[in-house]
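Listed in TrEMBL for this protein:
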type	residues	note
DOMAIN	3-255	domain 'Thiolase N-terminal'
ACT_SITE	C69	active site, acyl-thioester intermediate
DOMAIN	262-401	domain 'Thiolase C-terminal'
ACT_SITE	H359	active site, proton acceptor
ACT_SITE	C389	active site, proton acceptor
Amino acid sequence: IYANLMPHDLARAALQGLLNRTGLPKDAVDYIVYGTVIQEVKTSNVAREAALGAGFSDKTPAHTVTMACISSNQAMTTAVGLIAAGQCDAVVAGGVEFMSDVPIRHSRKMRKTMLSLNKAKTLGARLSLLGSIRLAHLAPELPAVAEFSTAETMGHSADRLAAAFGVSRLEQDEFALRSHMLAKKAQDSGLLSDVISFKVPGKDIVSKDNGIRPSTMEQMAKLKPAFIKPHGTVTAANSSFLTDGASAVLIMSEEKALAMGYKPKAYLRDFVYVSQDPKDQLLLGPTYATPKVLEKSGLTLNDIDVFEFHEAFAGQIMANLKAMESDWFAQTYMGRKTKVGAPPMEKFNTWGGSLSLGHPFAATGCRLVTTVAHRLQKEGGQYGLVAACAAGGQGHAMVIEAYPQ
């Protein structure tokens, strides 16, 4: 439905939605940071194009960051850094991903030929270059879904990780079904109030996520493995799906927010980024990041009332939970005496997650953070924790504290 649009169109809508919700004067924003993963070549600094399109002052600087699935987390923490350094008082951070139209390149041979054509001085040289083009030159180059450093796809890696931690196909399907059922319940109850309607020119209005599809265990069991055939356990039903989306959040110093008459939702208390081996520990970011951020903020797992982890694959989530419950893993790989401990499921992703809501790569981080803020308000909790894995063997965790009501 978005196929004729561009990424900055969705990002602009998210920014305008934020302005409408907050009544924020456009000139009150000191800076805008956006995340994106698959870049549209024409709008490589999508933050700036979206900001101009949304009517922000042309005096407001904007830049774009990329860190795979944690790109908008990086945008938010960049905003926190700008405020903490005294550079800014109010920053808008967000992320956008547009899978309906990804840049598909000519092959390298074709690109070389076209660049040489551009430089050719004589007609003879041009004709000679044109004559050198073969059918193989015309094969397109799609954006890679594989890790650059290992040439392995993330799904393949998730399947290996699930096997390493003994996560069965049944456990993965059950977790995926849970995600869809909780998302459906949250959507029907009006809890996903952050979602704004978007009018597609000449088409319909999109007003809710359309990937929430509670199935049955029987239906899910019929699906074949998607990556490791025939014995793999990762399928289309227990993986997050690629989708379009954009997000935006308003981050201010408390002083500035109160001076402008705002009632903040939450404090972004602390955060960490981690990296590990991209081959065998590609998706274990949450396991490494969670204890680090808890220690940094002087909290324990029991202090956390709300957990929101990014669900790339059900197998990846289950493997992280098993790693967190393993003394052996903590001692062997993390240099810790005892296990981290896994979040209790009654506090975990209770409004659905990426498996059911979709995963527009760079937009997901803001969704995780705003979901924590809203769940803390709704459930009366004090602390929330966001954690996510990302391509390249990277990860992130953030502690969020409810603002006193």
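Every residue gets a Cβ built from N, Cα and C, even glycine.
A TrEMBL annotation is a machine prediction, not a hand-curated record.
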Other CB atoms within 10 A, centred on C69 (active site, acyl-thioester intermediate): 31
Integer Cα-Cα distance in angstrom, the residue listed as 'active site, acyl-thioester intermediate' to C389 (active site, proton acceptor): 7
Alpha-carbon spacing, C389 (active site, proton acceptor) to H359 (active site, proton acceptor), which is rounded to whole Å: 12
Neighbour count (Cβ, 10 Å) for H359 (active site, proton acceptor): 24
C389 (active site, proton acceptor) CB neighbourhood, other CB atoms within 10 A: 34
Within the predicted model, mean pLDDT of the domain 'Thiolase C-terminal' (262-401): 98
Within the domain 'Thiolase C-terminal' (262-401), residues counted as helix, strand or coil by DSSP: 59 helix, 34 strand, 47 coil
